[in-house]
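Worksheet for the structure shown next.
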Amino acid sequence: MHSPSRKDFVSLTFTGSGNYNSKQWRRQSCWRKWKQLSRLQRNLILFTVALMLVCGIATYPAVTEHFRGLTVVVKEDEGHVLKPVIPEVLPEPPSAKPKRAPHKRGPHGPQNRLQKKGTGSDIQVEENPIQDAKKADKEEGEKPLVKRGALIEADQATEGGTAKEAENKVDVPAVEQKDHSHEPEFDRLEAVRDAFRHAWKGYKEFAWGQDELRPISKSYGEWFGLGLTLIDALDTMWILNLREEFEEAKTWVSTELSFNKNVDVNLFESTIRILGGLLSTYHLTGDTLFLDKAKDIGTRLMPAFNTPSKIPYSDVNIGKGTAHPPRWTSDSTVAEVTSIQLEFRELSRLTQDTRYRAAVDEVMQKVHKLEGKQDGLVPMFINTNSGQFTHLGVFTLGARADSYYEYLLKQWIQGGQKETELLDDYLQALEGVKKNLLKKSSPNSLTFVGELSHGQFSPKMDHLVCFLPGTLALGAHHGLPADHMELAKQLMETCYQMYAQMETGLSPEIVHFNMHEGSIRDVDVKLADRHNLLRPETVESLFYLYRFTKDRKYRDWGWEILQNFNKYTKVSTGGYTSINNVRDPEYPSPRDKMESFFLGETLKYFYLLFSDDPELLSLDKYVFNTEAHPLPIWPSAE
């Protein structure tokens with residue numbers, strides 16, 4: 001007989017969540033339980049899961065938008081702290097009607113301006129961007145100005161007296177306190193002065209006496225080591241009546257500026273910025289300090305002309321008195337060698353030393369006779385040994401050729417309209433532009449200036465070409481055909497649209513126009529061309545067009561552009577920066593560089609555009625060099 005407690009089997013229990021058989025058993029168990037559910041129960045569970053998934057997807061953008069509005073602020077020993085980005089926007093003057101915030105010549109600056117290959121454009125499609133813009137103007141005028149923009153903080157960097165003197169002196173009067181309740185111009189003038197003070201604050205604090213401010217990294221960049229920004233801004237400060245800032249800059253010029261340095265400088269850039277800036281400041285103030293400095297730098301630049309062809313080298317060592325072409329070529333650009341004449345001619349007139357003018361006049365005479373032109377249009381390069389054009393068959397009004405055309409007209413004006421050879425070359429070139437480079441876009445028939453390469457037309461237009469409306473208008477003012485003014489107005493509209501059709505309201509460096517029927521947008525912008533360098537050309541032309549026509553729309557366009565510079569390029573700690581992407585208003589990607597021409601040209605032309613005084617640098621008495629430095633038109637007796 002067996003005991004009642006005896007068992008006929010052995011019971012084993014497996015433990016441990018990592019056991020393979022245990023996992024398999026659980027999977028089988030879950031599946032068994034799922035199969036045991038009724039069809040209704042299974043459907044309800046699946047519906048609930050699907051609903052939760054849809055809700056999760058719907059709420060995801062709100063979460064990402066929350067984090068997109070934060071910027072990472074990195075501090076030593078504190079890790080990463082998320083803080084909200086608060087846009088810093090220049091308030092519109094109370095007296096101004098709220099307006100919509102829409103969406104150098106020659107090789108200006110050391111950037112490489114050769115076109116880079118892009119991947120096309122991702123411009124958003126609109127049925128009619130110009131009409132849409134006008135409609136938005138009307139709608140937005142009925143509501144408060146939307147102050148969008150990207151505050152640029154320092155941690156967002158992505159790139160690294162005699163009688164003659166009294167005669168010459170032009171004392172720019174202070175802005176009179178008038179009743180401007182019916183117009184915003186007075187406030188706009190103050191806005192320009194505020195912008196200059198902000199830019200000067202950054203330069204004074206972080207880059208004093210250096211060439212260029214890097215406002216985001218709160219540092220500076222050197223090019224020649226000659227205080228380019230300070231010298232470029234001298235006459236701007238005088239014109240804007242910023243006497244305190246002018247006096248401190250003058251003190252630096254008097255005590256610190258020396259050209260006795262073992263340094264290579266670019267002949268063109270040094271001439272238009274330094275020599276031009278010093279000559280202009282001398283004429284405005286009558287202070288011989290600036291004339292003495294101009295004679296010094298002018299003399300030190302003369303070795304550039306010691307070439308076999310008398311076509312100057314691009315680079316000069318102002319300490320050693322030697323000159324040479326770039327390391328990679330014996331060519332100079334045509335714009336460089338033909339856009340130094342206004343300054344050297346004026347230096348000869350003031351000093352009675354004819355060698356300065358003789359050197360630059362010989363260049364113009366040689367270029368006048370050269371073969372290789374097409375209907376008055378010139379190639380971009382000229383060899384300093386042979387004196388002949390190179391890279392034949394390529395014609396543009398953009399970088400490397402642009403200011404050749406500008407200086408043809410302006411030398412003729414400067415000399416009292418006596419040098420008919422210069423005028424003939426200018427008129428012939430304009431006919432060449434009309435014949436070979438002038439086209440209209442689709443769908444809105446914007447008139448633009450393209451490029452020609454070995455007979456093939458390209459609808460590519462540099463922002464630099466926007467000097468042309470102002471130059472055309474200036475010629476018409478001095479008696480050239482009236483159709484020049486009509487063309488100037490058409491091109492001015494195009495240059496404005498290069499700003500208005502961008503999301504930041506700022507123009508890219510280069511655009512390509514659509515010419516095919518059925519195109520949706522007039523303008524395409526390649527990825528490599530979306531940067532804005534704070535260039536002056538469009539503002540310059542707006543100044544000329546307003547001065548000659550008194551059409552208020554040119555002022556309004558300029559005001560829009562100034563506001564957008566403040567929204568997207570103003571750095572909170574002082575200064576303004578060029579940006580990489582005019583298509584991205586959320587993050588335009590600052591480049592951490594303020595070119596000297598922003599103070600020397602862009603802000604100066606803004607001020608002149610908004611000024612109601614036609615005698616403030618009258619265009620019957622002054623001609624501006626290509627860096628916006630005014631030089632006197634010579635008396636007819638000379």
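From the backbone N, Cα and C atoms, a Cβ is placed for every residue, glycine too.
Among the features that TrEMBL reports, transmembrane segment is placed at 44-63.
The region 'Disordered' annotation in TrEMBL covers 85-169.
Feature annotation from TrEMBL assigns compositional bias 'Basic residues' to 97-107.
What TrEMBL lists as compositional bias 'Basic and acidic residues' is 132-145.
According to TrEMBL, the active site, proton donor annotation covers Glu269 (among others). In the shown protein chains, 23 other C-beta atoms lie within 10 A of the C-beta of Glu269 (active site, proton donor).
Taken from TrEMBL, the feature active site covers Asp402 (among others). Every protein chain shown contributes to the tally, and the Cβ of Asp402 (active site) ends up with 29 other Cβ atoms within 10 Å.
TrEMBL lists Cys466-Cys495 with the feature disulfide bond. Counting only same-chain residues six or more apart in sequence, the Cβ atoms lying under 8 angstroms from the Cβ of Cys466 (disulfide bond) belong to Leu491, Cys495, Met498, Ser507, Glu537, Thr538, Glu540, Ser541.
Annotation comment: TrEMBL describes Glu509 (among others) as active site, proton donor.
Counted within 10 Å of its Cβ, the other Cβ atoms near Glu537 (active site) come to 27, all protein chains included. Sequence annotations record features per position, and here TrEMBL assigns active site to Glu537 (among others).
Cβ contacts within 10 Å of Thr626 (Ca(2+) binding site), excluding its own Cβ and spanning all protein chains shown: 29. If you look up TrEMBL, you'll see Thr626 marked as Ca(2+) binding site.
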Given the recorded positions Cys495, Glu509, and counting only Cβ atoms in the protein chains shown, which has the most within 10 Å of its Cβ? Cys495
Glu269 (active site, proton donor) and Thr626 (Ca(2+) binding site), compared by Cα position, are separated in whole Å by 10
Round to the nearest Å and give the CA-to-CA distance linking Thr626 (Ca(2+) binding site) with Asp402 (active site). 10
